[in-house]
Amino acid sequence: MPAVLGFEGSANKIGVGVVRDGVVLANPRRTYVTPPGTGFLPGATARHHRTVILDLLQEALTEAGLTSKDIDCIAYTKGPGMGAPLVSVAVVARTVAQLWNKPLLGVNHCIGHIEMGRLITGATSPTVLYVSGGNTQVIAYSEHRYRIFGETIDIAVGNCLDRFARVLKISNDPSPGYNIEQMAKRGKKLVELPYTVKGMDVSFSGILSFIEDVTQRMLATGECTPEDLCFSLQETVFAMLVEITERAMAHCGSQEALIVGGVGCNMRLQEMMETMCQERGAQLFATDERFCIDNGAMIAQAGWEMFRAGHRTPLSESGVTQRYRTDEVEVTWRD
């Protein structure tokens, strides 16, 4: 009954989770929140993580009712993500592993999301829509790899939403994407925006540039409201994501779709995906904000799978990388 401690800190969330045999024993998390109209810079984000990570570690152990002796492995996010935050968390993970004399495992952040989603929802072999502030991919498992069928060719969907939130000076608390979602519910007018799907891939930089350019003029002339723009942006980018996910499901013959990543919390995206799945006779799986948003338990769960499959990360190879594709990892723990 291995118990794995997981550290996640690839962006502005920092989390420490404990998982034992498919049960999440603890999953505390903190968020670095910046003022409206601003993003989060790597250096400042890393300083935030360094400030709270040891408190989170103690909180996770207390919540789980475990001590260091009960932990069998230390897992941490190897990448992808922001360099400085990744390094800050990896240093702590390496130190804890050496102090406690435990094996270390570097986990791919994207695979952490997938394995957490599979655990919580019970999906067996879904087509995965992975949507977050740093990543946008449509993924399906085949022959010991999570294969990428489609992805963004520029910025992630979450980054597109976050950057538009800065234009409107929307609060970053609890997150800009959540606040856009709430404003979009009050939108009544659909503003036509660029819709860019290229085969199985999507592009969000053009739609962001367009809406950044027209926002102040349209608001000043009364053509629309901020709520209308939030509604229009969501409807357009989510339609693009649903299209490529459906195409991947058709290609794979899949009857399951799983949404993971921070943007996966968005209820409108889940509603649009649910409609598509019902029309195909398929089933949609999604989780709530506890597990969609970056968290330590997802790293612990992926680490638990890897640990049982015999994976270990030597100290000499326990660095981080900002670019670490989902399909680079050999998934030996699945048939």
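Here the Cβ of each residue, glycine as well, is placed from N, Cα and C on the backbone.
Noted in TrEMBL for the protein shown:
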- HIS109, HIS113, TYR130, ASP294: divalent metal cation binding site (BINDING)
- TYR130, VAL131, SER132, GLY133, GLY134, ASP162, GLY177, GLU181, ASN266: substrate binding site (BINDING)
- 29-300: domain 'Gcp-like' (DOMAIN)
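Annotated pair TYR130 (divalent metal cation binding site) and ASN266 (substrate binding site), C-alpha to C-alpha distance, rounded: 13 Å. Only SER132, from the binding-site residues SER132, GLY134, GLY177, ASN266, place their Cα within 10 Å of the Cα belonging to ASP294 (divalent metal cation binding site). A gap of 10 Å separates the Cα atoms of HIS113 (divalent metal cation binding site) and SER132 (substrate binding site). Between the candidate binding-site residues, HIS109, HIS113, the densest Cβ environment within 10 Å is the one around HIS113. Between the CA atoms of HIS109 (divalent metal cation binding site) and GLY134 (substrate binding site) there is a gap of 11 Å, rounded to the nearest whole number. Mean pLDDT for the domain 'Gcp-like' (29-300) in the predicted structure: 98. For SER132 (substrate binding site), the number of other Cβ atoms no farther than 10 Å from its own Cβ, over all displayed protein chains, is 25.
Other C-beta atoms found within 10 angstroms of the C-beta of ASP294 (divalent metal cation binding site) number 27, with every protein chain shown included.
Highlighted in sequence order, SER10, CYS110, GLY112, ILE114, SER132, ASN135, VAL260, GLY261, GLY262, MET298 have their Cβ within 8 Å of the centre of the Cβ atoms of HIS109, HIS113, TYR130, ASP294, the residues recorded for divalent metal cation, and are not part of that set.
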